[in-house]
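Notes follow once the structure below has been shown.
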Amino acid sequence: MKIGVLALQGAVREHIHHIELSGHEGVAIKRIEQLEEIDGLILPGGESTTLRRLMNLYGFKEALQQSTLPMFGTCAGLIVMAKQISGEDGYLDKLDITVQRNSFGRQVDSFESELDVKGIAEDIEGVFIRAPHIEATHGDVDVLSTVGDKIVAVQEGRYLGVSFHPELTDDYRVTQYFIEAIVKPTLTEKV
């Protein structure tokens with residue numbers, strides 16, 4: 001399978017490395033035309049306001065709103081996938097959740113935590129950098145993991161979102177889950 005990583009900002013190379021470790025082809029997505037060539041898309045972290053501006057500038061907002069590609073958002077990628085961002089409207093409206101930006105604090109408050117992520121593993125290393133958390137889920141959203149009482153990982157159908165940065169660790173199981181459990185089944189739907 002060919003998995004794209006939106007290459008406007010964030011740890012693009014690290015995400016591609018995790019895709020390759022999962023046994024698949026990773027490609028940096030810089031133009032909307034490339035979306036036709038991939039089976040799934042990862043929206044990496046970074047700064048969510050900057051990410052939205054760049055997505056507007058290069059035409060990705062409309063293309064991704066209309067797309068049915070499976071998507072996996074990490075940190076800022078989770079924020080842009082949300083239907084609601086606390087205090088403002090959502091952006092891509094893919095995950096029926098309300099997200100609170102920077103809810104774990106500033107850069108100096110960044111931390112790592114071992115996570116029990118439902119359906120993946122009980123020992124996933126989560127790297128949280130100015131991370132958001134999910135305040136509320138709606139509809140058919142499945143909560144996959146929490147830190148204390150804060151939701152940090154969810155899935156809704158073909159969309160996966162996490163507050164942390166799995167790509168900044170050596171553990172590629174979250175990316176592998178996205179590809180094998182979310183992207184792969186959608187390919188059989190196309191046949």
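Cβ coordinates are placed from backbone N, Cα and C, and glycine is handled just like the others.
Among the candidates ARG13, ARG101, ARG173, the residue that Swiss-Prot annotates alongside GLY46, GLU47, SER48, ILE129, ARG130 as binding L-glutamine is ARG101. Proximity to HIS165 (active site, charge relay system), judged by a C-alpha distance within 10 Å, picks out CYS75 from the recorded positions GLU47, CYS75, ARG101. Taking CA atoms as the reference points, GLU167 (active site, charge relay system) and CYS75 (active site, nucleophile) are 11 Å apart. Cβ packing within 10 Å was compared across the recorded positions ARG101, HIS165, and the lowest neighbour count falls to ARG101.
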